[in-house]
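Colleague: Structure below; questions to follow.
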Amino acid sequence: MSCPVIELTQQLIRRPSLSPDDAGCQALLIERLQAIGFTVERMDFADTQNFWAWRGQGETLAFAGHTDVVPPGDADRWINPPFEPTIRDGMLFGRGAADMKGSLAAMVVAAERFVAQHPNHTGRLAFLITSDEEASAHNGTVKVVEALMSRNERLDYCLVGEPSSIEVVGDVVKNGRRGSLTCNLTIHGVQGHVAYPHLADNPVHRAAPFLNELVAIEWDQGNEFFPATSMQIANIQAGTGSNNVIPGELFVQFNFRFSTELTDEMIKAQVLALLEKHQLRYTVDWWLSGQPFLTARGKLVDAVVNAVEHYNEIKPQLLTTGGTSDGRFIARMGAQVVELGPVNATIHKINECVNAADLQLLARMYQRIMEQLVA
């Protein structure tokens, strides 16, 4: 017996949609949605394809996701070619199976079933889909959200299909995410010969006490919903490659994953004060890729928890751990935002796979969420 969720997932995997190339995935989704009465608005920006689709009116529940995938790596190391979906021992293999073409298929099939049973549903059901989530994310969801906000589009609830689960589908629901702030710092010195240090100014030596103090800071202790803020040095570069040249500059890149206990401005102020304390000559560039957001218990979280408990008989953990997602952009609209998707154990890896039965389960969960919020 064929399964529409598995079949649609396989069709999507066969399209090698390396970010930001959609490779025809959205056309497939749009065709299915238009067939059940959705109005579709394509919202392409630069090399990125996006669409916003809706059916009905009133209180709005949107399902959000991305059609793009990360590169497969060495295809010879896959048990099957990465863009040729294969089921082995109940597991569906292929790039994007878990992140997140399986979720997209589950969303669309859930919508088809929901509309068939509730053709005159009272709320509005919507989809926000992009082909630029895995790469720069500059022309994807953030641009669509800006356009929707500019015309006062309504969005009450949003479910992002990112692979949130750890061991079984629904064991973890993400009801928020930490903020992400990156600092690109250059410490300026004076280049010179290592035999004549008095004629130079070594920026590595100058910066060492600053960096030692920076990494020792306890930024906060987190709270009920968020772990403590984390600061990690990601890159350090200095020198010409020669052993007899004192470098003229030191470049340090570090990233903060921060909770709602802090703002990005508070972090910046503390870093800049520390730089001044150590009397360093520097230039600094900040990149805020997302503010922290949190969806407290309410109609959306309750509907998601209910759906998971109904179909999997487990109570999901509500967590805010992990990296950023497009939920950070959607939260700007004032919507309640949660993430519910398949098990994430193999995402971005060789032999990415998902339990085929989990995708069927996910479609049922998504449909039950629709029934609770917009039926």
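Every residue, even glycine, has its Cβ placed from backbone N, Cα and C.
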Colleague: Can you pick which of D89, D99, D171 Swiss-Prot lists for the same Zn(2+) 2 site as E134, H348?
Modeller: D99
Colleague: Pick from H66, H188, H193: which one does Swiss-Prot list with D99, E162 for the same Zn(2+) 1 site?
Modeller: H66
Colleague: Just name the most isolated of the binding-site residues H66, H348, going by other Cβ atoms within 10 Å of its Cβ.
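Modeller: Selected from the binding-site residues H66, H348 on minimum Cβ neighbours within 10 Å: H348.
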Colleague: Taking the Cβ of E134 (Zn(2+) 2 binding site) as centre, how many other Cβ atoms lie within 10 Å?
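Modeller: I get 22 for this one.
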Colleague: So, in DSSP terms, is D99 (Zn(2+) 1 binding site) helix, strand, or coil?
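Modeller: DSSP assigns D99 (Zn(2+) 1 binding site) to helix.
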Colleague: Between D68 (active site) and E162 (Zn(2+) 1 binding site), find the distance joining the two CA atoms and give it rounded to the nearest Å.
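Modeller: Here the two Cα atoms lie 12 Å apart.
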Colleague: Looking at the recorded positions E133, E134, H348, whose Cα is closest in space to that of H66 (Zn(2+) 1 binding site)?
Modeller: E133
Colleague: Can you tell me how far the Cα of E134 (Zn(2+) 2 binding site) sits from the Cα of D99 (Zn(2+) 1 binding site), in Å?
Modeller: 10
